[in-house]
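The Ca(2+) 2 binding site annotation in Swiss-Prot covers Asp142, Leu143, Glu145, Asn167, Tyr168, Gly171. The domain 'CUB 2' feature in Swiss-Prot is assigned to 193-305. For Asn125, Asn221, Asn514, Asn581, the entry in Swiss-Prot reads N-linked glycosylation site, with the evidence type sequence analysis. The annotation signal peptide is assigned in Swiss-Prot to 1-17.
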Amino acid sequence: MWLLYLLVPALFCRAGGSIPIPQKLFGEVTSPLFPKPYPNNFETTTVITVPTGYRVKLVFQQFDLEPSEGCFYDYVKISADKKSLGRFCGQLGSPLGNPPGKKEFMSQGNKMLLTFHTDFSNEENGTIMFYKGFLAYYQAVDLDECASRSKSGEEDPQPQCQHLCHNYVGGYFCSCRPGYELQKDRHSCQAECSSELYTEASGYISSLEYPRSYPPDLRCNYSIRVERGLTLHLKFLEPFDIDDHQQVHCPYDQLQIYANGKNIGEFCGKQRPPDLDTSSNAVDLLFFTDESGDSRGWKLRYTTEIIKCPQPKTLDEFTIIQNLQPQYQFRDYFIATCKQGYQLIEGKQVLHSFTAVCQDDGTWHRAMPRCKIKDCGQPRNLPNGDFRYTTTMGVNTYKARIQYYCHETYYKMQTRAGSRESEQGVYTCTAQGIWKNEQKGEKIPRCLPVCGKPVNPVEQRQRIIGGQKAKMGNFPWQVFTNIHGRGGGALLGDRWILTAAHTLYPKEHEAQSNASLDVFLGHTNVEELMKLGNHPIRRVSVHPDYRQDESYNFEGDIALLELENSVTLGPNLLPICLPDNETFYDLGLMGYVSGFGVMEEKIAHDLRFVRLPVANPQACENWLRGKNRMDVFSQNMFCAGHPSLKQDACQGDSGGVFAVRDPNTDRWVATGIVSWGIGCSRGYGFYTKVLNYVDWIKKEMEEED
C-alpha cells in the first residue's frame, strides 16, 4: 500500500459540534488550539471519510489529556462501522488513564468518527493543569474486500462473491468457475457452459462441480481446437457417473462426442468410455442433463499427438521411394523416382519429379504415381535410307535397338574415323527416352551419294568416230541446262551441279543476274527431260577468277549451282566423282565428253558422247599459236583431242565434263569441264582443270551442308 499524508488544520467548535473532513487519502486530526491547551467544557466529533474501497487507519502521534478513572472527564472516543473502538485519556507512556499508545485503529468501511470531550475544569489538588490535547494521523488503506470478516463478527456491507473474489487497490470484482456465468448483480453465478473453448495442447475438462453432483438442465458444449496437424486423444478418469436407464440408452443425461463434425460416441452410466483417438484436431463434447438427478459427472484428460500418414506404397515394381522412413507425420514428405529407363506418370501427365506431403488430415496431398517404361517414339526417317529393328519389331521403348542403313548402290553411310563398323547406324533407346548412337549421339547418320558408279557404264572397247548416241545409264551425271542457250553440267552429290561459268555469264554478253536458270536431269532425251521437270536453283556460285569481260581468257571457268531440293538417285541419275591426283591428266588418257550440243550443225535431241585422249599441253599451245590465237592457256586448263580427229565437244556441250574412269576404284571422275575451243571438230578442245579447283568446290559445298 502507498501512503500519503495531508495536513488538516485544527478545528475549533463548541460543544456538540460535528466536523466533516473532505474525502482525502491522508491527513491529520488535532484537538482545538493544539499544541496549546484545549478549552474546557467542549465536545466535537470529527468525521474522517476516505474514498470507497478503502479503510481508515488512525494513529496518535501525541496524546495529552486529563487522566481519570474510566476516562470520565476528558476523553477521545473512536468509533467505526457503528462500533466503538475505545475511549482514551491520559498521556502517552503514563499508567494513568487509558492512553491509546501506538495502537493502529482500523475501520472496515471508509468512515471513522473521532469524538473529543472535555469537562468544565482541569484541576488537580486545587491546581489548574494545562493539557495540550492530541495529534493524530490518518490514511486511506486498501480494503481487501475478499478477506473473510467472520473473525471480527462484522456484517459485510457488500454481498459476497458466490464463487471467486479478486481484490485490487480501491475495490474488488467477482468471477465464476468454468461453466458458470456472472450475473447482472456482478456477484452471483449461474451455470453456463454452452461455449467453452480449449486451445492448449493438453488439459483437463470436467462436468460442473465434478466430482460433486452436476447441476440440472445443462446444455454444455466443450470445444477443443488445436493446431492443424495434431490429433486429439481423450482419456476419461474415474469416477464416471452420468444418469442412465437400464433399458433405454441414455434417456436422461448424455455426453456426446464429435470429431470433425462426426459423432464418434454417446455415453452415460457408470462405466467410463474407452480411450479415444479422434484423428482430428477439432473435438466437441456436448453434455445434456434433465431437471433431476444426483450423478457425479465426468472428467477427462486430453492430449495431442502429431498426426501420421500411412506408409507410402508403390503401385509397381519400377517405382522407388527415396530414403523410405519407418513413419511419416504431418509436414513430412517423400520423393518417388523410377528405375533407369522408366518415367513418372501421374494420370496422363509425364512428371520430371514427384514429392508428396503429409497433410493435416493424415492423407498424402498427391496420389502415388506409376512408373512407365521410357518410349523413344518412332525413329526418325533417314533420307535415302531406312532402318530395321534388331529387337522386337515396332517396340520403341527403353533398350530397343534399330539399325539404320542406306539404299545400297546409290548411297553409302557416312562413317567417322576410328568407329567400329558394327556400331555404324546402330541406335539404342536410352533411359532418357531418346534414340542414341555411341559415336554420333542423337544425330542420325547421313546417306551420302555414291559417285562415279553408273549401273550401265559406256562400253570402252568400242572405237568411236564422230560421236555416238548414249544409252540410258551411260552418263547418269549428265545435266541439261538452258540458260543463255543450251549447256551442260554434271551432278555432284545429290544437289549440286558442276558447270562452266561462261554458261551463266557468257563472254561478250552483258552481266545478267535475272536470267532464267532451267536445269534438267535423269534422261538422255530432251523431250523426256522436259517431262521430268525443271529443278529450281537455290544458289549460284561462280569462281572469283572468272572474268566475263575478257573474251580470250577462260581462267576460272567453273561454277556451282545448288539445287533447291536434293534429287533422288537411281540408275539414271547418279553423281560423278572429283579428281584427287595428277594421274588423271596423263598424256593419252582417254576420257568421255557427253552433251546435247550441235551435231553436224544440227541441234541434238538425244545425249551423245565422244571419246577423246588427253593431249600434250605444249602441242596445244603450238597449235593455238599456229592459228594466230592469243587465247589464254593456263595451268588451270588442259586440252584433249587431236587435229586429225573429227571428234570434239561443240556448241551446246559447254559446262559438261570430261569423264575418266579410274582403273583403281572403277569409278568415273570429272577431270575437266568443257570450256572453249576453235570451232567444232577442228582440233583440240580446252577444258577447265577440275583438280585445281577441288578445294574451292568442297568449301562451297560444305558451307551449305
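Yeah, the Cβs are placed from backbone N, Cα and C, and that goes for glycine too.
Put simply, Asn581 (N-linked glycosylation site) is 123 Å from Gly171 (Ca(2+) 2 binding site) when counted between their Cα atoms. Secondary structure of the domain 'CUB 2' (193-305), assigned with DSSP and counted as helix (H, G, I), strand (E, B) and coil, comes to 0 helix, 53 strand, 60 coil. Confidence annotation: the domain 'CUB 2' (193-305) carries a mean pLDDT of 92 in the model. In sequence order, Asp142, Asp144, Glu145, Cys146, Ala147 constitute the residues six or more apart from Asn167 (Ca(2+) 2 binding site) in its chain with CB-CB distances below 8 Å. In the three-state DSSP classification, Leu143 (Ca(2+) 2 binding site) falls within coil.
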